[in-house]
Amino acid sequence: LTGVLDDCLCDIESIDDFNTFKIFPKIQKLQERDYFRYYKVNLKRPCPFWADDGHCSIKDCHVEPCPESKIPVGIKAGSSNKYSKVANNSKELEDCEQANKLGAVNSTLSNQSKEAFIDWARYDDSQDHFCELDDERSPDAQYVDLLLNPERYTGYKGPSAWRVWNSIYEENCFKPRSVYRPLNPLAPSRGGLGSVCLFSWTGLCLEKRVFYKLISGLHASINLHLCANYLLEETWGKPRWGPNVKEFTRRFDPIETKGEGPRRLKNLYFLYLIELRALSKVAPYFERSVVDLYTGNGHEDAESKALLLDIFRDTKSFHMHFDEKSMFAGDKKGAKSLKEEFRLHFKNISRIMDCVGCDKCRLWGKLQTQGLGTALKILFSEKEIQSLPENSPSKGFQLTRQEIVALINAFGR
C-alpha cells in the first residue's frame, strides 16, 4: 500500500515510519506490564440478538482465566475507576460518608424515588459510553492474562462467524452502496460474483464514512492477526504457529477480493489514526498526579506511568492527525442526533460481540471494540478533558481501568 488516505491529510509511508520506529516498540513493552495485561471480562453473557448456536469446542477457542493468586493486589482490590493509590486508600472512608449521606436522605424518600435516582445516575453515566460495558461485579466476570491468551487463528469459522459480521455490517453500519453483502461467500451476492461495482460514497456524509471505515478497519485488524498467527501444523501434539501467506492473499489480494482488499487495509490505517488521535487527546487526563496506574507495586507503577507519558509525547509529535473537529460540525440539532445515532450503532456492535461462539475470539473482539469505543468517547469529550481538576478525581470525564486497558491493547493490536 502507498499514498494518501481518504478523509485525511496523511500518507501510509509516514504512518509506517512513525509506528515502526517510535510507537510500536514502546506500546509492546507497555502491554507486558501488569496494569495492562490483566483484563476483566464476562465471556458468559448471552447473545441478545439470536439463540446461541453453541460454543466452539475446538481447544484453541478456550480462554484460560487467571487464578486469583496471580492478580496484583492493587488491581484485585480496586473498583472499576479506582486506579490511583489515593482512591484505593480513601475508598472505605468514601463508602462510609456515602452511607451516612444516603441514610440522611433516605428518611425522606420512598423506595420508588430511590430506585429512580439510581436509574438516573446509571443513565447519566452511560451517556458518554459507546460500548455496552461488562458488569465487573458479576460472578461470571473473570480476569484474563492477555499475554497467555494471544489473539490468533483458532479454527472458528463458518455460518456462526459469518452471522456476526453480517449483523454488524447489515444492521449496524452505514456503508457505501457498492459494498456487496452478505459477506458469506457461500451466500448469493446481490451484485453477482462476476460483477465489480464502482465504490460510491454518494449520499454518505463524513461521519457515516468514518463509522464504516472504523468497522472495516477493525475487521481487517482481526483478520490480519488470524493470518499472522495461524496454526500451520500440529505434529505429535506440538502446534506450530506462524504467518499464513495464502490466507492473507485470500482476504486482502486485489484480484482475489475484486479490488476490496487494499481498501480494507487502508481502513486499518484509518483506524490506527483515529486511536492515535484519541491517545494524544487524552494525555492531560493521565498527566495529573492523581492518576497512578495502581497495581500495588510502587516501582512498577511509576515505570508504567512514565512509559505511558512517553508514548503520549510521541503521539503529540505526529503532524498528520485526523481532525475530528470536522465531524458533527453541522447545525446543532442535526449534529446532536447524528452523534447519538453513531453512538447507538456502535453500542449495538459491542453487544453483538457477546454472540461470538469462540471464547478467544469473543475476548479479543470485546477488548478491541471497547478500545475503539473508548477512543470515540475521548474524541467527543475534548472540553471535559481540558477542564479536569489537577488534584482530585474528575466528575465530568472518567475512564475506568477496563477502558484504559482496552484502549492501550486495542491500539497495540
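Glycine too: its Cβ is placed from the backbone N, Cα and C atoms.
Straight from TrEMBL, the features:
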- Cys358: active site, nucleophile (ACT_SITE)
- Cys361: active site (ACT_SITE)
- Arg152, Thr154, Trp165, Ser216, His219, Arg251: FAD binding site (BINDING)
- Cys56-Cys61: disulfide bond (DISULFID)
- Cys96-Cys131: disulfide bond (DISULFID)
- Cys358-Cys361: disulfide bond (DISULFID)
Response to the item:
Given the recorded positions Cys61, Cys131, Cys358, Cys361, the candidate whose Cβ has the fewest other Cβ atoms within 10 Å is Cys61
Practice prompt. Name the one residue among Cys61, Cys131, Cys358, Cys361 whose Cα is closest in three-dimensional space to that of Thr154 (FAD binding site); these are the recorded positions.
Written response: Cys61
Worksheet item: Which one of these binding-site residues, Thr154, Ser216, has the sparsest Cβ neighbourhood, judged by other Cβ atoms within 10 angstroms?
Response: Thr154
Item to complete: Work out how many Å separate Arg152 (FAD binding site) and Cys131 (disulfide bond) at their Cα atoms, rounded off.
Response: 24
Worksheet item: Nearest to His219 (FAD binding site) by Cα, among Cys61, Cys131, Cys358, Cys361 (recorded positions)?
Response: Cys361
Item to complete: Select the closest residue to Cys361 (active site) from the following recorded positions, measuring between CA atoms: Cys61, Cys131, Trp165, Arg251.
Response: Cys61
Worksheet entry | Pairwise CA distance, Cys131 (disulfide bond) versus Trp165 (FAD binding site), rounded so that it is a whole Å | 17
Worksheet item: What Cα-Cα separation, expressed in whole Å, is found between Cys358 (active site, nucleophile) and Trp165 (FAD binding site)?
Response: 14
Practice prompt. Fill in the CA-CA distance, Trp165 (FAD binding site) to Cys61 (disulfide bond), as an integer in Å.
Written response: 18
Worksheet item: What is the total of other Cβ atoms whose distance to the Cβ of Arg251 (FAD binding site) is within 10 Å?
Response: 18
